Amino acid sequence: MVSNLLKVVLAIETSCDETAVAVVRSDKQVLSHKVLSQKEHVVYGGVVPEIASRAHINYLYDLTSQSIEESGCDLADIDAIAVTSGPGLIGGLIIGVMMAKAISSVTNKPIIEVNHLEAHTLLIRMFHDIDFPFLVLIISGGHCQFLIVHDVGCYQRLGSSLDDSLGEVFDKVARMLNLGYPGGPIIEQKSIMGDSKSFFLPRALINRFGCDFSFSGIKTAVRNIVVNQKYIDNDFICNISASFQDCIGDILVNRITNAIHMSQAINCKINKLVVTGGVAANHLLRNRISICVKDNNFEVLYPPTELCTDNGIMVGWAGIENLSKGYVSNLDFAPKARWPLESIKRSS
């Protein structure tokens with residue numbers, strides 16, 4: 001086990017379209033936090049992998065230097081380097097891992113490869129006193145899944161999306177309506193002014209056992225409505241956005257209820273649900289989820305809204321959690337575009 005003395009971790013996150021660096025301390029203090037969201041993708045309505053990789057190359061060195069300087073530390077004060085090694089866009093992952101390995105080699109400090117989903121999952125423990133085990137729902141641009149979190153590095157998947165991720169569907173619906181990228185915040189804003197009963201959208205799998213998701217039918221239904229609509233005015237956009245959000249809310253409530261029952265059948269001590277990932281920043285969905293969880297005698301916890309999307313703080317905290325268990329990596333690890341959370345293998 002690693003000493004209980006305060007540890008300082010430099011964290012690097014480049015798995016998608018955010019270039020992020022942070023310096024985090026084991027007493028839950030954030031010494032610096034830099035995030036650069038790449039605006040280059042807006043005109044394309046989604047992330048273009050090659051553009052993302054080039055942007056990481058352009059921004060990462062300066063962002064790392066700025067983050068270290070802002071933290072008041074120098075490299076000698078850093079105890080370990082944590083870096084997202086997957087899952088994600090392989091080009092961006094390679095750039096972040098190369099930077100982290102270079103710093104580790106030069107400073108002779110340990111390196112910790114961090115699973116991006118584990119970083120989202122464990123971040124809640126930086127802000128709330130939550131013990132293992134607990135249930136987590138990860139809803140983001142690339143992932144949608146329920147897992148039981150038994151411990152750091154020990155995860156059990158209960159269900160996941162059979163097709164699109166939830167964040168991906170938000171982005172695609174926004175693109176159909178010419179609302180821009182990212183789609184989630186814009187659709188949420190438009191839905192506030194709309195009538196959620198204007199259009200009926202299919203609630204896939206809602207009456208089936210389990211907690212898997214399917215969103216492709218909703219996406220197709222929205223596309224058909226948009227194609228057949230003669231006038232795409234603001235009222236229509238607000239109404240379809242509200243109907244879409246209402247549909248997603250119904251699906252989440254049903255799947256969460258099932259996941260709660262499944263998790264308690266596995267371990268009756270589980271009584272908390274953590275909801276994390278970019279879509280967890282959606283306040284309308286948070287309200288639906290919170291009511292559902294309370295009705296099931298569970299407690300729901302969310303990370304701070306500004307940390308639901310990708311950031312270096314979550315990678316740094318995951319690094320600290322792993323470091324406290326004595327989990328470090330050799331320099332020969334490779335970034336992974338696919339890395340299921342339940343497949344993590346740790347060594348001290």
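Every residue gets a Cβ built from N, Cα and C, even glycine.
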Among ASP310, ASP332, Swiss-Prot assigns to the Fe cation site of HIS116, HIS120 just ASP310
Based on Swiss-Prot, name the residue from ASN267, ASN271, ASN282, ASN287 that is recorded for the same substrate site as ILE138, ILE139, SER140, GLY141, GLY142, ASP171, GLY184. ASN282
Do you know offhand how many angstrom separate HIS120 (Fe cation binding site) and ILE138 (substrate binding site) by C-alpha? 8
Under 8 Å between C-beta atoms and at least six apart in sequence, can you list the same-chain neighbours of HIS116 (Fe cation binding site), or say none if there are none? GLU13, SER15, THR84, GLY86, PRO87, GLY88, ASP310, VAL315, TRP339
Can you list, in sequence order, the residues of the same chain other than HIS116, HIS120, ASP310 whose CB lies within 8 Å of the CB centroid of the Fe cation site? GLU13, SER15, THR84, LEU117, ALA119, SER140, GLY277, ASN311, MET314, VAL315
